[in-house]
């Protein structure tokens with residue numbers, strides 16, 4: 001009997017406290033649209049949908065012709081499904097984890113180590129760093145999406161040091177003046193910026209909590225008097241402080257770019273890039289790792305020394321952090337998000353209703369496909385039965401398999417496909 005090479009998955013939902021609640025969550029809505037028998041609980045957060053074979057969230061196979069119960073088991077049994085290059089490069093493992101995130105309150109400010117640092121941290125502190133892999137990640141906005149990413153241009157940081165005395169008090173006059181004098185020399189700027197950020201992160205708790213309370217009081221009073229608080233980044237400050245009162249991360253908004261993504265825009269978070277997601281829904285793809293070094297906006301362990309040593313202190317404008325998909329020259333329906341790492345790429349496939357038939361092209365990599373809009377009937381060369389695709393359907397597609405779609409819905413079909421384009 002021919003082995004089934006394309007099959008639907010039931011994926012794991014993570015109910016982290018920062019997620020959007022009940023049916024406000026795109027994660028919850030996708031799960032229910034994919035399986036109408038799912039019960040969504042009103043007061044419960046639905047933060048992440050994990051589509052992959054990660055041990056903490058291995059997807060269940062929804063096909064009674066397949067003996068294995070999870071995707072991880074199936075890949076272990078049939079590693080050739082990954083494609084020969086992917087199988088060899090990533091030791092027979094699916095190299096990425098594909099997710100949907102619905103963010104209601106900010107995630108911790110964090111950075112992910114490169115491979116070399118990950119291996120060292122894992123060897124020294126396995127309780128905090130569970131594996132030895134790097135964790136580059138890319139977020140593609142499904143709705144308006146806000147985050148923090150990378151160090152701001154120096155003139156913006158100097159502006160805040162000038163207009164926010166509470167921030168300057170944590171960095172110190174001497175370090176602030178040194179930053180002012182370093183503007184002409186990029187290498188020196190990075191060293192001075194590192195010193196400024198490290199001084200703030202190492203501030204005594206009582207000192208920064210007092211300064212934060214003074215700042216929040218001042219901005220609240222200015223807002224009540226209808227004054228413009230943008231020179232203190234007031235709106236974002238009050239939002240984060242309401243979620244994480246007394247947290248040093250509230251001051252990081254004066255160092256880091258505030259990024260606003262429109263649907264379809266992305267941001268790529270390479271090794272050592274400080275970042276945090278603030279609000280919105282996104283598709284996320286990442287290397288299969290759980291290594292995170294935290295810097296604030298969190299009740300979890302903060303490894304200040306590792307963080308301050310590892311960060312990329314190259315200042316750059318917010319616009320430079322926005323990552324755009326590129327039209328696929330061979331298929332006008334496809335937009336390719338291809339970050340500068342080998343572990344993963346994401347394709348957005350938008351099929352207009354005017355196309356009665358469409359073929360999802362084969363790639364030399366296993367892929368995971370999520371339908372976010374519309375419905376269609378799918379067939380593939382090796383599987384005899386049809387698969388109904390609708391919003392919320394998640395498919396595993398073995399390497400070098402093509403899928404034919406027919407009966408495309410009146411709104412067309414939108415899908416995101418994660419794969420590894422070596």
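Using the three backbone atoms N, Cα and C, a Cβ is placed for every residue, glycine included.
Curation plays no part in TrEMBL annotations; they are all automatic predictions.
Per TrEMBL, domain 'Phosphomannose isomerase type I catalytic' is recorded for 6-154.
Residue 110 (Zn(2+) binding site) has a Cβ environment of 24 other Cβ atoms inside 10 Å. Feature annotation from TrEMBL assigns Zn(2+) binding site to 110, 112, 137, 275.
Positions annotated as domain 'Phosphomannose isomerase type I helical insertion' by TrEMBL: 170-256.
TrEMBL lists 294 with the feature active site. Cβ contacts within 10 Å of residue 294 (active site), excluding its own Cβ and spanning all protein chains shown: 22.
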Structural state census, the domain 'Phosphomannose isomerase type I catalytic' (6-154) (DSSP three-state): 40 helix, 41 strand, 68 coil
Candidate binding-site residues 110, 112, 137, 275, pick with smallest Cα gap to residue 294 (active site): 110
Additional residues around Zn(2+), ordered along the sequence, whose Cβ is within 8 Å of the centroid of 110, 112, 137, 275: 111, 135, 269, 273, 292
